[in-house]
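A.B. asks: Starting off with a structure, shown below.
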Amino acid sequence: MAAVTYELIKTCKQSGARLGKLHTPHGTIETPIFMPVGTLATVKTMSPEELKQLGAQIILSNTYHLWLRPGHDIVKEAGGLHEFMNWDRPILTDSGGFQVFSLSDLRTIEEEGVHFRNHLSGEKLFLSPEGAMEIQNALGSDIMMAFDECPPYPAERDYMRPSVERTSRWAERCLKAHKRPEDQALFGIIQGGEYEDLRRQSAQDITSLDFPGYAIGGVSVGEPKDVMNRVLEFTTPLLPANKPRYLMGVGSPDSLIDGAIRGIDMFDCVLPTRIARNGTCMTSNGRLVVRNAKYARDFRSLDENCDCHVCQTYTRAYIRHLVKCDETFGFRLTTYHNLYFLLKLMKDVRQAILDDRLLDFREEFFEQYGFNQPNAKNF
C-alpha cells in the first residue's frame, strides 16, 4: 500500500474545487490545506503545541537548509524529523532544488546534478537527485519532493524545453533512489513555465512515472497572478483526479481561493510568517501594517472578525509597541494571527466546497478584503 493516499470527498458543483482527505503515516489531512513553512525544523517563533492550537494539520520543512544545519545525519540519529522537532503530525519536505537555484548566484547545472556554493559559508557543494533522496529519506518526512530544475521567470522557450526534459530525467532517478516508499511518499513536480505545450509535455512525462502525488512548480516566481491562474487552468486538468495536487510556494489569500477553484489541494508559503516579522497582518478587511503610527492609540484587536487567541486578548496598540521595539513576543503574536487567518480561510474554503458555493464565497471574501478595489494592496 502507498504511504500516502488521496480520497476525493466532493467536487463543488459551482466551481469544480475538490474537497478531500490525504491519508499519511502521521495522520489524515483535510484538503484543500495550507501548510505553514518550518524551514529549519521550526515555524519561526511558533512552538509545535501552538501550531496545533492554530489548526495546522501538516507543516513543510526544507531539505537544503537542514542538510546544511544541523545535517541530515543528526536528524536521522534523533529518530527523524518528527522526533527531532516533537511534531507528531505530517511533514512535507521540499527537495532543496528551489534553494539551490535561488540562493546561489554561482551555480552550474549538468546532467548529474547542480554545483553551487553554500549561501552561508561560500563552500562549494553538489546536489543530485540521488543526494536529495538520501537527505529526505534520512529526514523521514511523510511526503518528499523530487529534485527538479527551477527556472526563473521569465525564461525563454529555448531555455525551458531542455530544463523540462532534464527535470523528467531527474524524476526517474529520484524514483530509483528512493529507499523508503512504504512509509514516505515521493511526489513528482510539473515544470514548463508559462508555456502550455511544455507544461503538457512535463505532465505527460511525470504522470507516466505514477507518483502518488503531483506538484505544480515554477509558479510564484515573479509572474503576474493572471499568468499563474492561466498556467493552473491548463495544467491541473492534466493531473490524475485520484492523486493530490500541490501548488508550491503560494500563500496569499486570493491565490489560495483561486488555486482551490482550479483544483489544487495543497499550498505552502513563507508569506504569512515573513510579513508577520515586518509587522504586517492579514485581516478580514485587508492588509494591516500594525507598526504604522496610526495604531499607537488603537485599542481594538487586529481583526474584530477573528476569534484567534491574539485577537481575543491583545490590542493593536500593544502589538505595535512590541513590534516597534523589536520584541520577540510581538512577532509571535503577528505570526500566530496570520497563520490562524490562513488556516481558518482554508477551513471556510472547505465548507464552501461542501455547500457548493465557493464562487459566491470568493466574491464575498474579495469584496470584504478589498481585492475588488482598483488600487487594492496585495502581499
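For all residues, glycine too, the Cβ spot is worked out from N, Cα and C.
Per Swiss-Prot, active site, proton acceptor is recorded for ASP94, and the stated evidence type is sequence analysis. Residues or ranges marked as active site, nucleophile by Swiss-Prot: ASP268. If you look up Swiss-Prot, you'll see ASP94, SER95, GLY96, GLY97, PHE98, ASP148, GLN191, GLY218 marked as substrate binding site, on the strength of sequence analysis. Annotation comment: Swiss-Prot describes CYS306, CYS308, CYS311, HIS337 as Zn(2+) binding site, evidence class sequence analysis. If you look up Swiss-Prot, you'll see 249-255, 273-277 marked as region 'RNA binding'.
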A.B. asks: Rank the recorded positions ASP94, ASP148, ASP268 by the number of other Cβ atoms within 10 Å of each Cβ, and give the residue at the low end.
C.D. replies: ASP268
A.B. asks: For the recorded substrate site, enumerate neighbouring residues of the same chain (Cβ within 8 Å of the Cβ centroid of ASP94, SER95, GLY96, GLY97, PHE98, ASP148, GLN191, GLY218, site residues themselves excluded), in sequence order.
C.D. replies: PHE101, MET145, ALA146, PHE147, GLU149, CYS150, ILE189, GLY217, MET248
A.B. asks: For the region 'RNA binding' (249-255), DSSP counts of helix, strand and coil?
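C.D. replies: Helix/strand/coil tally for the region 'RNA binding' (249-255): 3 helix, 0 strand, 4 coil.
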A.B. asks: Return the residue, from the listed binding-site residues GLY96, GLY97, GLY218, with the maximum count of other C-beta atoms within 10 angstroms of its C-beta.
C.D. replies: GLY218
A.B. asks: I want the residues beyond CYS306, CYS308, CYS311, HIS337 whose C-beta is within 8 angstroms of the mean position of the Zn(2+) site's C-beta atoms, in chain order.
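C.D. replies: Result: SER301, LEU302, ASP303, ASP307, HIS309, VAL310, GLN312, TYR336, TYR340, PHE341.
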A.B. asks: If you average pLDDT over the region 'RNA binding' (249-255), what do you get?
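C.D. replies: On average, pLDDT over the region 'RNA binding' (249-255) sits at 98.
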A.B. asks: Cα of GLY218 (substrate binding site) to Cα of ASP94 (active site, proton acceptor): how many Å, rounded?
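C.D. replies: The Cα atom of GLY218 (substrate binding site) is 13 Å away from the Cα atom of ASP94 (active site, proton acceptor).
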A.B. asks: Same chain only, sequence gap of 6 or more: which residues have a CB within under 8 Å of the CB of PHE98 (substrate binding site)?
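C.D. replies: Sequence-distant Cβ neighbours: CYS150, GLY217, MET248, GLY249.
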A.B. asks: Which one is closest to GLY97 (substrate binding site) in space, judged by CA to CA distance, out of the recorded positions ASP268, CYS306, CYS308?
C.D. replies: ASP268
A.B. asks: Looking only at CYS306, CYS311, which of these binding-site residues has the biggest number of Cβ atoms within 10 Å around its Cβ?
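C.D. replies: Its Cβ has the most other Cβ atoms within 10 Å: CYS311.
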A.B. asks: At the level of the C-alpha atoms, what whole-angstrom distance separates CYS311 (Zn(2+) binding site) and SER95 (substrate binding site)?
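C.D. replies: If we compare the Cα positions of CYS311 (Zn(2+) binding site) and SER95 (substrate binding site), the gap is 36 Å.
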A.B. asks: What count of other C-beta atoms do you get within 10 angstroms of the C-beta of SER95 (substrate binding site), across all chains shown?
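C.D. replies: There are 30 such Cβ atoms around SER95 (substrate binding site).
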